[in-house]
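Enquirer: Pasting in a structure now, in structure tokens, and then I'll have a few things to ask.
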Amino acid sequence: MNGGVVTDERLQPDYEADDSSINNFEKSVSLKDLEGGAGQLPEQVHTHHGANGEATVYGDFEKDKEQDVEDLPTTTRVVTAQDWSSPDDPENPQNWSMLLRAYHTVPPALFGFTVTFGSSVYTPATHQITERFHVSSTAALLGLSLYVVGLAFGPVLAAPLSEIHGRNIVYKASLPIMMLFTLGAGFSQNFGSLLICRFFAGFFGSAVLAVGAGTNADLFPPRLRAIATSLFLLAPFAGPSLGPFVGGFAAQYKGWRWTQWCILFISIPVYLTCLPMRETYKKIILKRRAKRLGIAPPNGPAGLAAIKILAPYHFTISQVGLTFLAIGLGVAISTASAIITDRTLYQKRHRQALAEGRQHAAPEHRLYAAMMGSFGLPIGLFWFAWTADNGVHWAVPVIAAIPFAWGNLSLFISTALYLVDVYGSLNGASAVAANGILRYSFGAAFPLFTIQMYEKLGTGWATSLLGFISVLMLPIPWVLFRWGPQIRAESHYPTMIS
């Protein structure tokens, strides 16, 4: 008998050992031993399965000829599907070596840099896109705005999927899809296909913004988490800053399509870094371990989307994805309204400015869409808040996504145009990049407490809280429209005053 190791092939899940077999001998086995199969097997092996997914392993071990039975340990190991088997459980990512944990922080950071780089690398090419597809400068910026909208909405789906299938599969599946749509954007022969590919490139690439911080939480205890999270957030901050720099050279010397090729040149080596990654999400690790050992895992929530959508309305994962078509409809309406306001309200002011001897209309006239869209956010949020959890038909809260998406994109488009007009062609891209840094900061921080907020407050009040915040911020585009020139006059940076 060399260690009396038990393998899972000999376990009998439906058999509960009687007192005599238990008293014969109780042997402590490690999880590694259970799965490794090293050593000799006992003649009798039994497991007792508790109600909470626990499996206590009992064995009747032969006495080794050269070892007294008194020398063998006489404890019982409990392997559970709900928690780690011990504080030093080797499958717990927080017990991995520091080198291995440090490696697992690198791909999420590089992914974050690549995705945010992809947003701003496009901006230097807007003039060439205007000439190539014969669209206005407003329409050309939709390639940036729709990409950012994808970044905003992608994590809504990616975060719960990571809790259902694990973080690893989200990393390994999202970036290849993003690269395919980026490839499509680079080869686009018409403006519509360019916009569609840009939106979905941002949508699928944004998964890391939802699960990157969670990966760091899996790997490090709270006392070590701040450093890892800070380094993770540093990379997405660098992306919007370097994008216009690289995109400017690419567009000037190679053409606008090369701004998309630059994204691919970075994405391919970054993707290779994630291939050796292991799963870090605790629930998925325990679920897979329970399956290997024949232990029934406990039922539990599968994340925010499963709680708020799958459970009340009994949606499948594919049906949940279909609900996002409402967001697409809101985006389409917003695009149309932005073009209409540009062709009517803004162009009228622009012609008036030319008649008065000025080169451009005041930047504040870019804010018409934002002023209208500022009402869409609270309307959509309060609509969703008090219909999603009250037993009404599923279509009612889904429709609430339309005014929300309309208001959201209207604000994005107006903000981008306003910043470019205020800071001019030289500093406009930098202003948009700085705006992106603030936006992505909130995008990275909110997933850390959003689920807890919904669990504590419920759908109605948690979403209403966001609605109240949007109401407080609703006057911002109106204030800028009224007092923008006076505010800019105090700026230390060169801006358009008139």
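A Cβ is built for glycine as well, from the same backbone N, Cα and C atoms used for every other residue.
Found this in TrEMBL, in case it helps:
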type	residues	note
DOMAIN	104-498	domain 'Major facilitator superfamily (MFS) profile'
REGION	1-23	region 'Disordered'
TRANSMEM	139-157	transmembrane segment
TRANSMEM	169-187	transmembrane segment
TRANSMEM	193-214	transmembrane segment
TRANSMEM	226-246	transmembrane segment
TRANSMEM	258-275	transmembrane segment
TRANSMEM	296-315	transmembrane segment
TRANSMEM	321-346	transmembrane segment
TRANSMEM	367-386	transmembrane segment
TRANSMEM	398-420	transmembrane segment
TRANSMEM	432-454	transmembrane segment
TRANSMEM	460-481	transmembrane segment
Enquirer: Mean pLDDT, the domain 'Major facilitator superfamily (MFS) profile' (104-498)?
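Expert: The average pLDDT of the model in the domain 'Major facilitator superfamily (MFS) profile' (104-498) works out to 80.
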Enquirer: Can you tell me which of 139-157, 258-275, 321-346, 367-386, 398-420 gets the most C-beta pairs within less than 8 Å of the transmembrane segment (193-214)?
Expert: 139-157
Enquirer: Grab the same-chain neighbours of the transmembrane segment (139-157) for me: Cβ-Cβ under 8 Å, and only residues 6 or more beyond its ends, written as numbers and ranges.
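Expert: Long-range Cβ neighbours of the transmembrane segment (139-157): 115-116, 118-120, 122-123, 126-127, 129-130, 133, 185, 191, 194-195, 198-207, 209-210, 305, 320-321, 324, 327, 331, 335, 338-339, 405, 408-409, 412-413, 416-417, 420, 432, 436, 439-440, 443, 447.
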Enquirer: Which residues of the chain, 6 or more past the ends of the transmembrane segment (398-420), have a CB below 8 A from one of its CBs?
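Expert: Same-chain contacts beyond the ends: 138, 141-142, 144-146, 148-149, 152-153, 323-324, 326-331, 333-335, 337-338, 363-364, 366-370, 372-377, 379-381, 383-384, 387-388, 428-429, 431-432, 435, 477, 480.
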Enquirer: Out of 169-187, 258-275, 321-346, 460-481, which stretch touches the transmembrane segment (367-386) the most, going by CB pairs under 8 Å?
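Expert: Against the transmembrane segment (367-386), the leading stretch is 460-481.
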